[in-house]
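Student: Got a structure here, written out as structure tokens. Questions coming.
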Ligand code: FAD
């Protein structure tokens, strides 16, 4: 069945909203008694909420999960079209991401990963656009060489490629001399190394930075990029391994459904989908959560997994503290657009491209569909923002301007116009993390806040969501065991 989320275009069907996904939950609610008081109400059904719901129910708590959408997975979900799982959001995982790997191992899914890139046949080249319209086809080895050279010049603020200044990415401010780094944007850092990059290095670097941040060079935090780099083993090879290589053969929703099924199997999980919440009222010994259609749900504790860019739309009583308010009003910058094209050109399976001035600036062959077609994935950032559904023909033209391709299908989810995400994965401006991370992680009375957007490790990744869901469920469990909260 179709989720209301996502879009698909084919010549025959035109552009349609809503795509099939195994993450769709039917029936959308199992609530039989509206007046039940739950141990904990969890808002959201992304990986943070799914982990928290699984851990809380298996620990014996009575849980209510309220989700605005009709499906699980939040910013990580896959569509199932023609037997193929196009990934609409979060996709790639790695065994070096401890939280995610524990779950892959727990659900016996370690043999269900496959590699995105395939360079054994076809055109086997990398198209680099250095200035508007100037395209050079290079080997993938050249692509790596240029990228490594550029990234090393960019990241090397300490003579050790970041290892000295951020030796523990899971304790990122261990060295206080890292704090001033957060005053820099990527553009500030680029001006420090002006004249050191060749035009090809600049093109590759710009494409990579915009891919990672979904924003602009002038606004993205250099510190946050350093954090990502440190997590990836301080190397470009590590970035590729962690960020764009290993994905589930059956799609992200095949992973998310495992958490869901385990939580449901406890018979302690009640849920209501299509239920956006509007307000959270904490009256010391219980919390009331009100949906936008006025239904009230009661619990002893609440875990909000609402993303950073959406949190300011929720009314809190009592109001959340000024620092958290400033953080939610500021939000993060990532307005990445991710577009899939199914193309009949088999040779493009081994193609990749960077065109920093294109609205789809980073693209590569990501798979082969059951019809034998090549699946191309392409990303855009906020510098030249694209809303594909507003002009699908223009979107197709942007793709064919990168290289000749015969497009049979286009699939995407517009995260920027999505009211329950208001952006893609977390990527902040300068001084955001060092100013607000602790405030975002803090509880507010009986309300606990958990999200990949403020994880300490793989912040902005699925791994970070699982880290946060684990933390929230444990904090609530310990809190409930220690008796009613007094304050
Ligand atoms: P979400 O998944 O956003 O969950 C929050 C939930 O809250 C949502 O289901 C939302 O509908 C719900 N909600 C919001 N408002 C309300 C409301 N008012 N009432 C009720 N419910 C509400 N990560 C990786 O690890 N690897 C990748 O390759 C990767 N690629 C990505 C590509 C894209 C295009 C995007 C968008 C993200 C990507 N990520 C990737 C990041 C990853 O998807 C997220 O970090 C992670 O899924 C966030 O999980 P979460 O549960 O914290 O938040």
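Cβ atoms are placed via backbone N, Cα and C, with glycine included.
Take a look at what TrEMBL says about it:
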type    : residues   : note
BINDING : 48, 67, 68 : FAD binding site
BINDING : 379        : substrate binding site
DOMAIN  : 50-477     : domain 'Amine oxidase'
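Mind running through what each feature is packed against?
Tutor: Counting only same-chain residues six or more apart in sequence, the Cβ atoms lying under 8 angstroms from the Cβ of residue 67 (FAD binding site) belong to 43, 44, 45, 49, 271, 272, 273, 274, 275.
Within its own chain, residue 379 (substrate binding site) has 211, 214, 336, 337, 338, 339, 360, 361, 362, 363 as residues 6 or more apart in sequence whose C-beta sits under 8 angstroms from its own. In three-state terms derived from DSSP, residue 379 (substrate binding site) belongs to an extended strand segment.
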Student: To see if you understand the setup: which same-chain residues, six or more apart in sequence, place their Cβ under 8 Å from that of residue 68 (FAD binding site)?
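Tutor: Sequence-distant Cβ neighbours: 274, 275, 276, 277, 419, 420.
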Student: Including all protein chains shown, what's the count of other C-beta atoms within 10 A of the C-beta of residue 48 (FAD binding site)?
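Tutor: Its Cβ shell of radius 10 Å holds 33 other Cβ atoms.
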Student: Three states by DSSP: which one describes residue 67 (FAD binding site)?
Tutor: coil
